[in-house]
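Now, the feature entries from Swiss-Prot:
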type	residues	note
BINDING	HIS83, HIS182	heme b b562 binding site
BINDING	HIS97, HIS196	heme b b566 binding site
BINDING	HIS201	ubiquinone binding site
TRANSMEM	33-53	transmembrane segment
TRANSMEM	77-98	transmembrane segment
TRANSMEM	113-133	transmembrane segment
TRANSMEM	178-198	transmembrane segment
TRANSMEM	226-246	transmembrane segment
TRANSMEM	288-308	transmembrane segment
TRANSMEM	320-340	transmembrane segment
TRANSMEM	347-367	transmembrane segment
Amino acid sequence: MTNIRKAHPLAKIINNSLIDLPAPSNISTWWNFGSLLAACLALQILTGLFLAMHYTSDTTTAFSSVAHICRDVNYGWLIRYMHANGASMFFICLYMHVGRGLYYGSYTLTETWNIGIILLFTIMATAFMGYVLPWGQMSFWGATVITNLLSAIPYIGTNLVEWIWGGFSVDKATLTRFFAFHFILPFVASALVMVHLLFLHETGSNNPSGISSNSDKIPFHPYYTIKDILGTLLLILILMLLVMFSPDLLGDPDNYIPANPLSTPPHIKPEWYFLFAYAILRSIPNKLGGVLALLLSILILVIIPLLHTSKQRGMMFRPISQCLFWLLVADLLTLTWIGGQPVEHPFITIGQLASILYFTILLVLMPIAGIIENNILKW
């Protein structure tokens with residue numbers, strides 16, 4: 001008799017994706033982040049669902065409803081802080097996952113990579129809209145500043161902004177629609193995750209060596225299921241340490257002040273995971289130029305496969321490219337720091353230099369390094 005997991009139409013899909021899936025025998029912990037991201041998404045949908053049961057998307061009651069969740073709802077504080085810090089963990093895992101893809105040349109699986117970029121945009125949009133919902137000062141002004149950037153689009157800009165706002169300023173209509181989108185987008189992301197996996201399973205996973213692993217595959221279960229469970233437990237441990245001991249460590253104190261359109265906070269800044277892009281936006285004195293640079297800072301990932309000049313897939317045996325990769329990581333950390341600083345000397349100059357370096361590494365230096373390394377191999 002055939003095993004039910006191999007015969008049943010639904011069980012067969014799960015079996016071929018999570019149990020009998022042939023996986024490379026040498027994938028490292030850097031390959032854990034996919035499952036960690038799935039765990040984060042599940043956690044965010046679950047905690048978000050319970051928050052939505054008590055939240056009201058009205059400008060007069062939104063702030064109070066969040067306070068009510070924290071004070072009066074059973075374990076409401078826990079659900080709220082798990083959701084807020086879960087987003088931070090989500091982005092840490094996201095950036096690690098993308099970084100792994102860049103380092104080991106996983107972007108050569110172009111369909112998987114491109115769906116991943118769409119996923120990244122979806123989750124960034126979700127996080128941005130989620131930050132607006134508590135209706136604190138930073139929520140309101142963050143929404144105002146970021147949506148206002150669309151007014152830089154020639155001809156249709158102003159109409160577009162007012163259409164998104166649902167009026168002439170960020171108000172009740174904006175909050176209501178942001179809540180609606182914030183609720184629906186994670187489900188869109190879940191569907192995209194399925195497509196992401198579909199494309200990945202067409203080709204199979206990459207591995208640290210960058211060479212084909214078809215001659216040496218092992219079943220996903222039990223080897224990688226147990227490895228993923230370990231990773232998930234560590235993720236939950238770090239998240240719960242954050243939630244229990246310093247839930248507001250990564251937040252902004254200004255968001256505990258109710259939104260006031262008449263009082264601008266001294267430093268308007270997004271959540272920490274958007275600071276690098278915000279720094280790139282601010283480093284260009286022109287509004288439209290800044291918006292384009294902001295978009296390109298993420299969209300540049302689309303052309304990474306086209307800029308691959310090396311004969312080797314990953315960077316495991318390419319020291320020059322390795323140096324450039326870690327320089328890029330340092331540069332992104334610098335941009336993140338700059339994004340949180342006021343717009344004054346010397347931060348403006350540092351931000352501009354870091355922004356130029358970011359694009360130079362990806363567009364110029366890495367392709368050149370690939371060519372140099374190809375030539376070194378001939379000697």
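Placement of Cβ uses the backbone N, Cα and C atoms for every residue, glycine included.
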Exercise for review: Mind checking which residues of the chain, 6+ beyond the ends of the transmembrane segment (33-53), have their Cβ under 8 Å from one of its Cβ atoms?
Suggested key: 69, 79-80, 82-83, 86-87, 89-90, 93-94, 96-97, 100, 182-183, 186-187, 189-190, 193, 228, 231-232, 235
**Study point:** Same-chain residues near the transmembrane segment (226-246), Cβ under 8 Å, at least 6 residues beyond its ends
**Key:** 29, 32, 35-36, 39-40, 78, 81-82, 85-86, 88-89, 93
**Study point:** Distant-in-sequence neighbours of the transmembrane segment (288-308), which means Cβ under 8 A and at least six residues beyond its ends
**Key:** 98, 102, 105, 107-108, 110, 113-114, 117, 120-121, 124, 149-150, 152-154, 276-278, 280-282, 355, 358-359, 362-363, 366-367, 370
Point to revise | Beyond the flanks of the transmembrane segment (320-340) by 6 or more, those residues with Cβ under 8 Å of it | key: 99, 102-103, 267, 269-270, 272, 274-280, 282, 310, 347, 350-351, 354-355, 357-358, 361-362, 365-366, 369-370, 372-373
Point to revise | By Cα-Cα distance, the member of binding-site residues HIS83, HIS182, HIS201 nearest HIS97 (heme b b566 binding site) | key: HIS201
Exercise for review: Could you give the residue numbers and ranges of same-chain residues that sit at least 6 residues beyond the transmembrane segment (178-198) on either side and whose C-beta is under 8 angstroms from one of its C-beta atoms?
Suggested key: 17, 38, 41, 44-45, 48, 52, 55, 57, 112, 115-116, 118-119, 122-123, 125-126, 129-130, 132-133, 143
Exercise for review: Please work out the number of neighbouring Cβ atoms within 10 Å of the Cβ of HIS182 (heme b b562 binding site), leaving out its own Cβ.
Suggested key: 21
Review point. Cα distance, HIS182 (heme b b562 binding site) to HIS196 (heme b b566 binding site), nearest Å?
Key: 21
Point to revise | C-beta crowding around HIS196 (heme b b566 binding site), within 10 angstroms | key: 21
